[in-house]
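Student: After the structure tokens below, expect a handful of questions from me.
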């Protein structure tokens, strides 16, 4: 039973790394911090339905958020997205 748990943990960690690592590589960094507006679109997990906004590099675009996971390039309103991400 211990081996099965270990293999499950290794599999879970592998999946998390495969999902997270490419997103971090594609992000821009400023002063050592991730610029959340440069993170890729990510609808998250689960099957809930929340209308949210993300910055696509040019403008804010509406999308459906699943309710769990995803990344910080997610805003409750277009105004909040533009305020945080649009360059003046």
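Each residue, glycine too, has its Cβ placed from N, Cα and C.
According to Swiss-Prot, the feature disulfide bond maps to 37-85, 60-81, an assignment based on sequence analysis. Annotation comment: Swiss-Prot describes 37-85 as domain 'BPTI/Kunitz inhibitor', evidence class sequence analysis. Residues annotated as signal peptide in Swiss-Prot, with sequence analysis given as evidence: 1-27.
Could you tell me the structural context for the features on the list?
Tutor: Cβ-based neighbour count (10 Å, all protein chains) for residue 85 (disulfide bond) stands at 21.
All protein chains considered, the CB of residue 60 (disulfide bond) has 23 other CB atoms within 10 Å.
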Student: In sequence order, which residues at least six apart in the same chain have a CB under 8 Å from the CB of residue 81 (disulfide bond)?
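Tutor: For residue 81 (disulfide bond), the qualifying residues are 53, 54, 55, 60, 75.
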Student: If you run through the domain 'BPTI/Kunitz inhibitor' (37-85) with DSSP, how many residues end up as helix, strand and coil?
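Tutor: Counting residues per DSSP class in the domain 'BPTI/Kunitz inhibitor' (37-85), I get 10 helix, 15 strand, 24 coil.
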Student: Including all protein chains shown, what's the count of other C-beta atoms within 10 A of the C-beta of residue 37 (disulfide bond)?
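Tutor: Looking across every protein chain shown, the total is 20.
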